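Novice: Below is a structure I'd like to ask you about.
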Amino acid sequence: SQSYIVYLGSHSFGSNPSLLDSESVTNSHYDLLGSYLGSTEKAKEAIFYSYNKYINGFAAILDEDEAKEIAKHPNVVSMFLSKRYELHTTRSWNFLGLETDRGFANVSVWKKSLGEDIIIGNLDTGVWPESKSFSDEGFGPIPKKWKGICQVGKGNPDKFYCNRKLIGAKYFSKGFQAHLGEAENVNFDSARDTAGHGTHTLSTAGGNFVAGANVFGFGNGTASGGSPKARVAAYKVCWNGCYDADILAGFEAAISDGVDVLSVSLGGRSPREFSESGISIGSFHAIANNIVVVASGGNSGPQISSIVNVEPWTITVAASTIDRDFTSYVILGNKKIYKGASLSELELPPNKSYPLISAVDAKFDNVPPAFASICKEGSLDPKKVKGKILVCLRGESARADKGVQASRVGAIGMILVNDEDSGNGVIADPHVLPATNVGFADGSAIFNYINRTKSPVAYISKVKTEVGVKNTPTIASFSSRGPNDLDGKLLKPDITAPGVSIIAAYTQANSPSEQPSDKRRTPFVTMSGTSMSCPHVAGIVGLVKSVHPDWSPAAIKSAIMTTATTKNNNGVEILDSSLEKATPFAYGAGHVQPNLAVDPGLVYDLNVTDYLNYLCGREYTSDQLKVFYGKPYTCPKSFSLADFNYPSISIYELDVWKSLNVTRTVTNVGPPSEYRVEIQQPPQFQVTVQPEILRFTHKGEKKEFKVTITMKPNSKYVTDFEFGKLIWTDGKHHVGTPITIKYTDL
């Protein structure tokens, strides 16, 4: 037997279902399944979620034959297995927030007072409610629109309490339990976060101000979320992995509770067709109810086309570095010095060097070199390692676990060397021994030194916090890249935001290294991943929505994208971790600029009908559309995906002998103004815009323009991608739209 999600057509009631409405839907689910299983009693045993408010469907444990029969029922519009997703943090290789003064260093005073009416929900591993980031000191009464609860187990043995800041918490584990049965030592009756990921992400989006936040004394400052005055709610949908059935239940609860913004730091390894993804379906229903959904783009970079959560209705976030480093140097016996990153509290006794050994040289004789090189458990010989600094290669196992293995076999320190894919992207981790992470090129030099020196020695310096680091941000090596594998005509990611070594609140049920042997506990910790950048943007959405409560989710997304920058703090183009110039496939529209997002001048707006038309363009049937939308919808006769009013322009496979036209519509959200077009031309193309001037006389006025893209007559033919940018400016506002073009010689 397996867990299936069964979708039925639209509900007969409107957008505010009564308890009676919902109960009658659930009874209809029991009746439908009961007609196949022999009785409604059997159906009640099989169904573990009835989605009865916004989504119409159920999750049930069925065997394959039953599932095949049910799929034929005329009311069943779609059916798929409840699949597993993972969290988008990079701790384990496999799968503006609470940022002490840095991630939001440039956000002005307005974030200190705005947004008490905004509610940010987080689908994640739960929350540690006692964290100071969720203190309700200075908060007024809970907003009247809030319909959620603080769900606790019978008698509340977990002593889980909400307050005027953390106003709600719910947990959803039935999908996870249906897959794995009973797991040992897991309390399924609590939204308490035992992993730490949910506390970190929720505090990044909406954590309160906490003075003196640091990690073991490093990075000390005042922590605060992107919307520090917002109310927050936790939806625990992830246990060991996150399943479609629980994710959908979380989305439905959040919609019904009345959240304004949803932060979703989880996803698959590769994008799934929208009609078969709980995240796609849940997020569409959220958008249809005017909730902005922000999702992490994934940590499978720098591999191309690895970007996930590519729905046009969500904001998909890449990850980049900030202008703070936690620096620890490697000093070799040949006096060469290499800069690394670390949060090791322990330091080596000064003024002496220690013997240096590579993990491959330290292996047991019967262990394959590739296995030992990454310091896998059981691969290293303590006799060879004791008292030495061990050099481990990054990859496969968690970075902090390598330190635990090094420590177990008696290493006095560890140098963690990046693989080629990770390039220069070093990450500071709270290692259990003196350790530092160096880039690929520096690591190669260290390996060379070991191989060419009879008695190699080294020293690892103690960690120092550096702020105001130049040439930041850079794109994190792990940040998943475009082009969008599901639809090349839609640029993803949309935006990049801080996602490397981000300090935010943490659970007291897990160690900072996430290793069971590590008994340390800390109220704040650094984490890295698109999981961390996603809530930065969710926090900014909260602020924008607070200033502009009447804006649609698409208008807010457009404001964030069109005001982004592609330059770093030295005023040159943003680089990736291999120090090559990054492209829109790495950063989308660019790096988020919170202050400018509140006043974008013009926006590219979209509504639910536009998103349904987009799905029509993907050849969805009217039955498939019922999964996404509560009412029947008929597709228009013709719909051009090229004219979908998105804040980026992506041309996939332009025939080089023809020119192509794309139309867009902008809405004025500022004062009366005259905008002129500026074009940063893709090298081999001519991009022209008609008209070249847009005159707006009032707020809310819409103007259409046409973009024509033609190959330049003498251009050298290449089959790769080219990038440009279209900017509307009135002198004050710069409304930027990235252009990506792939072309073929047909």
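Cβ from N, Cα, C; glycine included.
Per TrEMBL, domain 'Inhibitor I9' is recorded for 3-88. Sequence annotations record features per position, and here TrEMBL assigns domain 'Peptidase S8/S53' to 115-572. Annotated active site, charge relay system per TrEMBL: ASP124, HIS197, SER531, in sequence order. The domain 'PA' feature in TrEMBL is assigned to 375-446. Positions annotated as domain 'Subtilisin-like protease fibronectin type-III' by TrEMBL: 643-741.
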Novice: Show which residues of the chain containing HIS197 (active site, charge relay system), separated from it by at least 6 in sequence, have their CB under 8 Å from its CB.
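Specialist: Long-range Cβ contacts: LEU87, THR89, ASP124, THR125, CYS238, SER265, MET527, SER531.
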Novice: Provide the number of Cβ atoms within 10 Å of the Cβ of SER531 (active site, charge relay system), excluding the reference atom itself.
Specialist: 32
Novice: Which value does the mean pLDDT take for the domain 'Peptidase S8/S53' (115-572) in this predicted structure?
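Specialist: Across the domain 'Peptidase S8/S53' (115-572), the average pLDDT comes out at 95.
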Novice: Take the Cβ of ASP124 (active site, charge relay system) and count every other Cβ within 10 Å, whichever protein chain it belongs to.
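Specialist: Taking every protein chain into account, the count is 29.
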Novice: Using DSSP, how many residues of the domain 'Inhibitor I9' (3-88) fall into helix, strand and coil, respectively?
Specialist: 34 helix, 27 strand, 25 coil
